[in-house]
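Q: Pasting a structure below so you can have a look.
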Amino acid sequence: MGSISHVITLQGLIPSTRCSYGYSHSNPRLQTLKFTRVANKVGIFAQLKSQNSIPKSRDIDFSDPDWKNIYKEDFEARFRLPHVTDIFPDAAPMHSTFGLKMRTPMTRDFPGNYPSCKEWHGYINDNDRVLLKTIYYSSPTSAGAECIDPGCNWVEQWVHRAGPREKIYFKPEDVKAAIVTCGGLCPGLNDVIRQIVITLEIYGVTNIVGIPFGYRGFSDKELTEVPLSRKVVQNIHLSGGSLLGVSRGGPGVNEIVDSLEERGINMLFVLGGNGTHAGANAIHNECCKRRLKVSVIGVPKTIDNDILLMDKTFGFDTAVEEAQRAINSAYIEAHSAYHGIGIVKLMGRSSGFIAMHAALASGQIDICLIPEIPFNLHGPHGVLSHLKYLIETTGSAVVCVAEGAGQDLLQKTNATDASGNAIFGDIGVYIQQETKKYFKEIGVHADVKYIDPTYMIRACRANASDGILCTVLGQNAVHGAFAGFSGITVGTCNTHYAYFPIPEVISHPRLVDRNSRMWHRCLTSTGQPDFI
C-alpha cells in the first residue's frame with residue numbers, strides 16, 4: 001500500500017463499515033439517497049465553486065410531500081457519530097471520572113476506586129443537539145442563500161453537541177493515548193496538545209505519548225514516542241510551532257494501525273487539515289475492520305479556515321491578525337513612494353478566507369484576489385488596468401492576493417508535495433513582475449514592493465481568541481474519546497461546540513461564496529470592480 005497521503009483520499013472518504021457512519025438500512029428510500037450521495041464524492045476536491053456547507057442528499061424527489069422527513073432521516077443517519085458499541089455492542093459504560101470534584105489529576109492508586117460526582121450537572125446529554133444552520137433564506141436569490149430544495153424551504157438540521165458525558169467507555173488506567181500533529185505549522189498546535197494532555201490527566205490517564213513528526217512517526221524507527229504529562233506541556237502554549245514536530249505524507253494505513261496495535265495505543269488524537277482528517281478516518285475504518293477498540297478523534301487544524309460546516313478553525317484568527325502587520329507595511333511602503341504599489345501574498349490554497357478577512361480588517365486594501373473568484377490580469381477590465389486607475393487617482397495602491405488565486409495564469413506543473421497537493425506557482429511574484437513590466441511598457445513610473453509573510457504567520461504563537469478555541473477543542477476531543485466516539489472531529493457550529501463524523505467535513509474544501517454577504521462587504525471595502 002502506498003503512502004497515507006495517496007491511499008486515504010478515496011478509501012478514507014467512502015465508508016465501508018457501519019462503524020464509519022452507523023447508517024440504517026431499514027428505510028429503502030434512504031438507501032438510495034445514501035449511496036447516491038457517497039458515489040458523488042468521487043473527485044472530491046475537483047468539484048464545488050458555489051455551495052459550501054449544506055449537506056445534501058442528491059436525488060430527493062422534491063415533489064414527494066414527505067421529502068422533508070426523508071431528508072431529515074438521511075441527515076440524521078449521516079451525522080450519527082460512530083461509537084465503540086457499533087463493534088462491541090456489549091461494551092459496558094462506567095460513570096465518568098471527570099467532574100466537578102475531579103479537577104486535579106487522579107493519583108496512581110485510584111484504579112477500581114473511582115470518586116463519585118453524581119450530583120454534578122455539568123454533563124452533556126447524548127440527545128443534546130446544535131442547530132447547524134440559523135438563517136432562513138426566503139429565496140434562492142438571497143445573498144449567500146444555501147438551499148436544500150429549489151424553493152429554499154426551511155429544514156432543521158441538528159448535529160451532536162460536544163462535551164463530557166456522564167458515562168464513559170474507557171477505563172483511564174487502561175488507556176494509552178497518543179497525539180500526532182500533521183501537515184504544516186499553524187498557530188495553536190501547542191495549545192491543543194497542552195489541553196489534551198491536561199484533560200486526559202484529569203480523567204485519570206497516566207500513559208500519554210506524542211508521535212513525532214506526523215504520521216511519519218508511526219513507521220520511522222529512528223523516531224521514538226515523546227512521553228507527555230502536565231509538567232512537560234505546562235508552558236508550551238507560550239511558543240509557536242509544535243512540540244511534536246510536523247510533516248506531510250507518511251506510511252500506509254495498515255502500517256499505522258499495525259503500529260497502534262504494537263504500541264497498545266487505544267486513543268489517538270490527530271491534529272490536521274482535510275488530508276490529515278482523511279487519514280484519521282481511514283485509520284478509524286481499519287481499526288473497525290480489525291475489531292480494535294481504538295478511539296480516533298480529529299481536531300481540525302487548517303490556517304486557511306477551509307473545513308466544512310464549522311464557524312472557523314484554530315489558527316485562522318491569528319493569521320488574520322498577523323497579516324495586518326504585512327498589509328500595514330505594504331501600505332506604508334506604497335504611500336511613502338511616488339506611484340507606490342504594495343503587493344502582499346497570504347495563505348489560501350483553495351479558499352480565500354484569510355485574504356478576505358485581512359482585507360476587511362485592515363481597511364488598507366484596494367484589490368483583494370482570492371482563488372474562488374477568477375480574474376484577468378491584462379485587458380481593459382484587468383487588474384493592471386485598475387492599478388493604473390488607482391495610481392492616476394490616488395497615487396498609490398495595495399494588493400492582497402491569496403496563494404491559490406490566479407493559478408490559471410501560471411504555467412502548470414504536475415509536481416506535488418508529500419501530502420499529494422499540487423505545488424502552486426508563485427502568484428505574488430508573478431503579479432509583481434507583470435506589474436513592473438506593464439507600467440514600464442506604458443511609460444508610467446511605478447515603485448512596486450512585494451511582501452510574503454507566510455512562514456512568519458505560520459510560526460506565530462496563537463492569539464487570545466485562538467488560544468480559547470484551542471483550549472476548548474482539546475478538552476472536547478478528550479471528552480469525545482472517553483464517551484466512546486471514534487472517526488469524529490470537533491469544531492464550532494454557530495458559536496457552540498459540536499462533534500461531526502469526519503467524512504461530512506472533508507468531502508471538499510470550504511470556499512468563499514462569491515454571492516455571500518462577507519465577500520460583498522469585502523468588495524465594498526476595497527471598491528474594486530470585477531476583473532473579467
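Count begins at 1; order follows the chain as displayed.
Glycine too: its Cβ is placed from the backbone N, Cα and C atoms.
Per TrEMBL, the features are:
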ACT_SITE  Asp304  active site, proton acceptor
BINDING   Gly184, Arg248, Gly249, Gly273, Asn274, Gly275, Thr276  ATP binding site
BINDING   Asn274  Mg(2+) binding site
BINDING   Thr302, Ile303, Asp304, Met347, Gly348, Arg349, Glu403, Tyr455, Met456, Ile457, Arg458  substrate binding site
DOMAIN    177-479  domain 'Phosphofructokinase'
SITE      Gly275  site 'Important for substrate specificity'
Q: What is the total of other Cβ atoms whose distance to the Cβ of Gly184 (ATP binding site) is within 10 Å?
A: 20
Q: Nearest by CA distance to Gly184 (ATP binding site): which of the recorded positions is it, out of Asp304, Gly348, Glu403, Met456, Arg458?
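A: Closest recorded candidate to Gly184 (ATP binding site) by Cα: Arg458.
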Q: Expressed to the nearest Å, what is the distance separating Gly348 (substrate binding site) and Thr276 (ATP binding site) at their Cα atoms?
A: 17
Q: To the nearest whole angstrom, what is the C-alpha distance linking Met456 (substrate binding site) and Asp304 (active site, proton acceptor)?
A: 15
Q: Please work out the number of neighbouring Cβ atoms within 10 Å of the Cβ of Thr276 (ATP binding site), leaving out its own Cβ.
A: 30
Q: What's the number of neighbouring CB atoms sitting within 10 A of the CB on Arg248 (ATP binding site)?
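A: The answer is 22 other Cβ atoms.
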Q: Near Thr302 (substrate binding site), which residues of its own chain have a C-beta under 8 A away, given they sit six or more steps off in sequence?
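A: Looking at Cβ-Cβ distances below 8 Å from Thr302 (substrate binding site), excluding near sequence neighbours, one finds Gly183, Cys186, Gly272, Gly273, Asn274, Thr313, Gly315, Phe316.
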Q: If we check Cα distances from Glu403 (substrate binding site), which of the recorded positions Arg248, Gly249, Gly275, Thr276, Asp304 wins as closest?
A: Asp304
Q: Mean pLDDT for the domain 'Phosphofructokinase' (177-479), as a whole number?
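A: Taking every residue in the domain 'Phosphofructokinase' (177-479) and averaging pLDDT yields 96.
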